[in-house]
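Below you'll find the structure, written out as structure tokens, and then a few comments.
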Amino acid sequence: MARGLPSAASLARFCQKLNRLKPLEESAMETSLRRCLSTLDLTLLGVGGMVGSGLYVLTGTVAKTMAGPAVLLSFGIAAVASLLAALCYAEFGARVPRTGSAYLFTYVSMGELWAFLIGWNVLLEYLIGGAAVARAWSGYLDSIFGHSIRNFTQAHVGVWQVPLLGHYPDFLAAGILLLASAFVSCGARVSSWLNHTFSIISLLVILFIIILGFTLAQPDNWSAREGGFAPFGFSGVMAGTASCFFAFVGFDVIAASSEEAQNPRRAVPVAIAIALSLAASAYILVSTVLTLMVPWYSLEPDSALADAFYRRGYRWAGFIVATGSICAMNTVLLSNLFSLPRIVYAMAVDGLFFQVFSQVHPRTQVPVIGILVFGTLMALLALLLDLEALVQFLSIGTLLAYTFVAASIIVLRFQKASPPSSPGLASPGPLSKEHSSFSDHLQLVGTEQVSVPEPGQLRPALRRYLGFLSGCSPGAAVSWALGILVVSAIALACVLIFGNSALHLPQWGYILLLVLSSAMFLLSLLVLGAHQQQHRQDMFQIPMVPLTPALSILLNICLMLKLSYLTWVRFCIWLLIGLAVYFGYGIRHSKQSQQEAPGPTATRYVVFPSGSLEETVQAVQPPSQAPALVPAPTE
């Protein structure tokens with residue numbers, strides 16, 4: 001690896017001193033990440049990933065162009081929707097402590113193709129999210145110096161008038177991304193230490209903003225004379241909510257880092273809950289303060305908070321806010337650059353992405369090549385693209401990932417559990433395979449005793465009333481019900497979003513479609529609820545399944561439909577590129593495909609993407625010996 005990247009060796013030596021790492025054994029150098037993150041580390045990683053993006057990137061843009069003072073409602077609704085998704089991530093993160101986040105969760109429940117597409121879209125979200133934050137970071141730093149950096153660049157480079165591109169190349173934004181990439185490549189401990197420092201400063205500045213901002217509040221800024229509280233109406237609030245979803249992607253960072261957590265079963269759910277609560281409170285309070293200090297229509301999108309204090313005559317406060325915002329956005333950059341290469345690493349380990357990204361540096365134990373390559377790509381986006389164009393494209397991939405994770409929870413809950421272990425079963429030995437990829441290492445289902453009826457079968461108490469469902473094979477009714485649930489959620493969302501506007505339906509037609517789609521949605525929920533679920537007492541599980549993930553699916557689809565058609569066009573183009581990568585490379589190098597070679601087999605009980613709970617792997621014993629069952633270890 002060092003020969004391909006000349007600077008990596010010197011950087012690794014520097015990081016070794018900072019991390020106080022001991023040389024690793026050769027056998028573990030290139031296949032595993034280091035478990036070194038505590039609950040506090042994960043919490044601050046999540047807080048840093050959310051707070052900076054929501055406060056300093058989206059608040060001014062959404063308030064000025066989409067929602068007005070009602071931006072606080074946009075953040076509140078986005079927080080509720082994110083809570084539903086966060087519960088799904090918390091259960092998966094505790095149950096599957098592997099790097100990969102939404103990609104992994106989709107892989108184990110829906111299969112390889114869907115998982116690749118989710119990973120591909122999350123990759124784009126991190127790329128654009130990091131570039132947007134870097135542009136905002138540059139804008140805030142520029143505001144401290146009276147926009148002299150912008151004026152200098154425009155005077156010597158010129159002004160661009162090209163759609164989607166910035167008015168000038170932002171060399172400062174590109175430079176900070178390259179510098180952050182260098183620090184993240186130093187290892188998880190260095191990233192965590194930097195994140196702690198910046199997060200504490202950011203939280204102190206947010207407290208300062210709230211206290212001083214309320215003392216400068218002018219309620220007239222919400223009056224009808226200034227446009228009112230919701231000048232764009234409910235539609236504007238929902239459009240703002242769709243964009244504000246980007247503010248909450250920080251909890252996904254926690255799930256993506258679960259493989260490096262010291263105690264993921266406890267740390268991941270606790271860190272997600274605390275981080276989301278703190279971030280949501282900060283968003284709502286700060287957006288309230290901002291729109292009370294100055295009229296919403298006069299906000300400066302690139303540096304709204306600092307500019308608001310400047311205009312109220314508190315230049316010294318604006319300087320503090322700008323400094324705090326820079327620290328906060330540093331944590332977001334670190335979080336993006338920390339998580340993105342790990343998702344790419346997960347895909348590469350499974351053979352779905354180029355193998356060079358599956359390499360882990362022997363000393364820092366991080367995917368250095370992925371960090372440097374995607375850090376450079378992120379820097380190019382920040383150098384060239386406009387901030388508002390980036391913000392409009394932020395949420396669609398995240399919403400799609402949330403939707404698939406919620407559906408994956410339903411799939412997982414109604415899957416058949418593994419059979420009980422017995423003393424007669426062979427112990428792991430030459431018949432079992434060493435797992436190193438997600439397709440190998442999906443230890444989702446424990447070996448505990450499962451009472452009759454098994455998950456996916458109709459509850460005994462309801463068989464006399466729903467006997468027609470008993471004739472279905474185990475899991476078939478659940479699969480059909482989940483499919484109808486998703487289709488009816490799409491139909492219901494279309495009626496709610498477009499029924500009175502784009503579709504121009506008469507009142508009776510609107511009500512009829514609303515009743516039919518709602519009835520199908522509720523009926524599919526009742527069918528799912530009539531079947532037995534898995535219940536585990538040794539780890540966190542979402543309450544009220546299938547209702548909670550179903551509401552998450554419905555709300556996510558509604559928010560996706562509120563995004564602009566240009567966002568959907570760009571999303572479809574990116575999706576087509578991803579399909580070309582998958583069918584051109586991934587499907588031929590997939591670990592799953594390589595494991596399906598015919599021959600004598602041994603069985604390990606895991607959750608396999610096809611929906612079966614057992615994976616067959618080629619036995620290494622002589623053909624004359626009978627294969628033995630090897631239960632997968634309980635988490």
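Backbone N, Cα and C atoms are what each Cβ position is placed from, and that goes for glycine too.
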Residues flagged as transmembrane segment in TrEMBL, choosing from 39-58, 139-158: 39-58
Cβ-based contact of the transmembrane segment (568-585) with the transmembrane segment (102-123), 3 or more pairs under 8 Å: yes
Surrounding residues of the transmembrane segment (229-255) on its own chain - C-beta under 8 Å, 6+ positions past either end: 42-43, 45-51, 53-55, 57-58, 61-63, 66-71, 73-75, 77-79, 81-82, 86, 89-90, 92-93, 101-102, 122, 125, 129, 222, 268, 271-272, 275-276, 279-280, 283, 296, 332, 335, 338-339, 391-392, 394-395, 398-399, 401, 497, 501, 558-560, 562-563
Contact between the transmembrane segment (70-90) and the transmembrane segment (267-296) (at least 3 Cβ pairs under 8 Å, separation 6+): yes
Average pLDDT across the domain 'Cationic amino acid transporter C-terminal' (540-590), rounded to a whole number: 87
Three-state composition of the domain 'Cationic amino acid transporter C-terminal' (540-590), taking helix and strand from DSSP: 40 helix, 0 strand, 11 coil
Contacting positions for the transmembrane segment (102-123) when only residues 6+ beyond its ends and CB under 8 Å are counted: 88-89, 92, 96, 252, 255, 340, 343-344, 346-347, 350, 352-353, 374, 396-398, 400-402, 404-405, 407-408, 411-412, 415, 438-439, 442, 444, 571, 574-575, 578-579, 581-582, 586, 590, 592, 607-610
